[in-house]
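J.: Feature table excerpt (Swiss-Prot):
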{"type": "DOMAIN", "residues": "3-160", "note": "domain 'N-acetyltransferase'"}
{"type": "BINDING", "residues": "LEU92, TYR93, LEU94, THR99, HIS100, LYS101, LYS102, ILE103, GLY104, ASN131, SER136, LYS140", "note": "acetyl-CoA binding site"}
{"type": "ACT_SITE", "residues": "TYR138", "note": "active site, proton donor"}
{"type": "SITE", "residues": "GLY142", "note": "site 'May have an important role in the acetylation of the polyamine'"}
Amino acid sequence: MSIEIRKLSIEDLETLIEVARESWKWTYAGIYSEEYIESWIREKYSKEKLLNEIVRSQSNLDILFLGAFADSTLIGFIELKIIANKAELLRLYLKPEYTHKKIGKTLLLEAEKIMKKKGILECRLYVHRQNSVGFSFYYKNGFKVEDTDGSDFIMEKKYES
């Protein structure tokens, strides 16, 4: 299986929402109710919201939105918001059957290459305390817990200039 990483396009919108739904249900089962997950998906992954973020990413503005594709099918994505020399990792999700296959790491490394070219010195993210898979992934990839915010760990990774 070959994996292609590229910026998401408008044509990826429907599949992006489905990947998000599958991933959220798998990641947060036992943490949040199914009703809460569906409500979150409707609010945070609405077509209008994602379309705006895809367009901003294509225009190289303040959003970097990359997809991982297996045989031309979207299987995961990463989204970062960039402000000056800092980035916030907003989302990194994979279809459940593609976890633990180094695809998340490939997405993160590709995003980090782009961040370095943009002069990003630090990346921050929030991960739910009970999301042990996510926490372990970020920790193994160089992120350290810097603080907490409610039910989330705030993790950061510093980069050389």
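Every residue, even glycine, has its Cβ placed from backbone N, Cα and C.
Give me the lay of the land around each of these features.
T.: According to its DSSP assignment, LEU94 (acetyl-CoA binding site) is in a strand.
Of all the Cβ atoms in the protein chains shown, 24 others lie within 10 Å of the Cβ of TYR138 (active site, proton donor).
Around the Cβ of GLY142 (site 'May have an important role in the acetylation of the polyamine'), the same chain contributes LYS157, each under 8 angstroms and 6 or more positions distant in sequence.
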J.: Would you mind listing, in sequence order, the residues at least six apart from LEU92 (acetyl-CoA binding site) in the same chain with a Cβ closer than 8 Å to its Cβ?
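T.: In sequence order, GLY76, PHE77, ILE78, GLU79, GLY104, LEU107, LEU108, GLY134 meet the Cβ cut-off.
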J.: Averaged over the domain 'N-acetyltransferase' (3-160), what pLDDT does the prediction give?
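T.: Summarising the domain 'N-acetyltransferase' (3-160) by its mean pLDDT gives 96.
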J.: Looking only at Cβ atoms, how many others are within 10 Å of the one on HIS100 (acetyl-CoA binding site)?
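T.: Other Cβ atoms within 10 Å of HIS100 (acetyl-CoA binding site): 11.
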J.: By the DSSP assignment reduced to helix, strand and coil, which category contains SER136 (acetyl-CoA binding site)?
T.: helix
J.: LEU94 (acetyl-CoA binding site) to TYR138 (active site, proton donor): how many Å between their Cα atoms?
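T.: Distance (Cα to Cα, whole Å): 14 Å.
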